[in-house]
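Pulled the feature table from TrEMBL, pasting it below:
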type	residues	note
DOMAIN	2-343	domain 'Isopropylmalate dehydrogenase-like'
BINDING	91, 101, 129, 218	substrate binding site
SITE	136	site 'Important for catalysis'
SITE	186	site 'Important for catalysis'
BINDING	218, 242, 246	Mg(2+) binding site
BINDING	276, 277, 278, 279, 280, 281, 282, 283, 284, 285, 286, 287, 288	NAD(+) binding site
Ligand code: NAD
Ligand code: IPM
Ligand code: MN
């Protein structure tokens, strides 16, 4: 089983190193690793954020463990050379369309939430975010209007096949959990969202055991803070899912806690924390590695069919937190390596 390790930029290498220590400690037979350059690190080394050598490793791998990409030095490059193109390119090239972002409160962290602890304590939800379409991948560019004004544009669209496959992912996830699916859109304004809603309703006929509701994205943002316990599975498009998942992370306690899996239906997956390269804290040992360690657990479970070691990692993270492990984002003083140490000790 080949695991591609793509640490990337900023805090990426720091957090991936801790996840690798945890994987090594499990001493699982038959795991091999190949490391690849992505993002600004790849651009600076070889002139492209997703070099062919990296894409080749990704295509051959059973799973990809990804840190983060993004580098302020690269923010004025032409768009196709920017670090973020690495993650967008991997999602697109490998057909990784189903991005699962679970948000659950560890009881010890309920007081770290931006919400009241009794509200935060009720959170156990999964955002199923589409990651191959939407405004991210539509035609985009700059032009000049008839009045001579500079104009930027990004076309938002979804076709019915794209909506249908992510709807199935949402219903199946709901079926395996508490049987509730909330589809989040903006059908009161956007045609893309009307098509989304129509297709989700069509697909729902195949899942009579799942209770389907619909919510506009602005209300969903509000409800996530007012009463997050109402949600089981949320299925939504690329842009709305991006925004709502960062919001959900603070409801849970920290952006440094949310893991993710992005799947293409063939078993292959990309696993990464939902956060970015955090240039503001890079190189200072302040990054919380738990989201990446939990992403490694998702990798073992979803792509490598190793649910026992996945359970062990998740239990070790819970125990480390119960034993008081806290990085600065969780109100503590432990550095990135010490957080890794705490998980290893618990393991
Ligand atoms: P960010 O998620 O990198 O950081 C937002 C804030 O959260 C910062 O204050 C940061 O210090 C903090 N933070 C993030 N992860 C943390 C962790 N593990 N522990 C403690 N604190 C953490 O978002 P941003 O600042 O908007 O973006 C920075 C760069 O990352 C940009 O270039 C952006 O495009 C990129 N980005 C990449 C990904 C990805 O690789 N999938 C995701 C999001 C953002
Ligand atoms: C994420 C990030 C990416 C996204 C960026 C870096 C392209 O924010 O993975 O959540 O918007 O999908
Ligand atoms: Mn994001």
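Positions of Cβ are set from backbone N, Cα and C atoms, glycine also.
If you look at the structure here, what lies around each of the features I listed?
Listed in sequence order, the residues of the same chain lying 6 or more apart from residue 218 (substrate binding site) and placing their CB within less than 8 Å of its CB are 186.
Summarising the environment of residue 136 (site 'Important for catalysis'), the number of other Cβ atoms within 10 Å of its Cβ, over all protein chains shown, is 18.
Taken residue by residue with DSSP, residue 186 (site 'Important for catalysis') is part of neither helix nor strand, so it is coil. Within 10 Å of the Cβ of residue 186 (site 'Important for catalysis') there are 20 other Cβ atoms, across all protein chains.
If you take the C-beta of residue 280 (NAD(+) binding site) and look for same-chain residues 6 or more apart in sequence within under 8 angstroms, you find none.
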On the three-state reduction of DSSP, what should I expect for residue 276 (NAD(+) binding site)?
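Going by the DSSP assignment, residue 276 (NAD(+) binding site) belongs to neither helix nor strand, so it counts as coil.
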Out of 91, 101, 186, 218, 246, 282, which recorded positions lie by ligand 1, with a C-beta less than 6 Å from some atom of it?
none
For a quick check of packing: other C-beta atoms within 10 Å of the C-beta of residue 276 (NAD(+) binding site), how many?
21
Among the recorded positions listed here (136, 242, 246), which has the Cα closest to the Cα of residue 278 (NAD(+) binding site)?
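Among 136, 242, 246, 246.
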Have a look at the binding-site residues 282, 284, 288 and say which one has the shortest Cα distance to residue 101 (substrate binding site).
288
Where does residue 129 (substrate binding site) sit in the DSSP three-state scheme?
strand
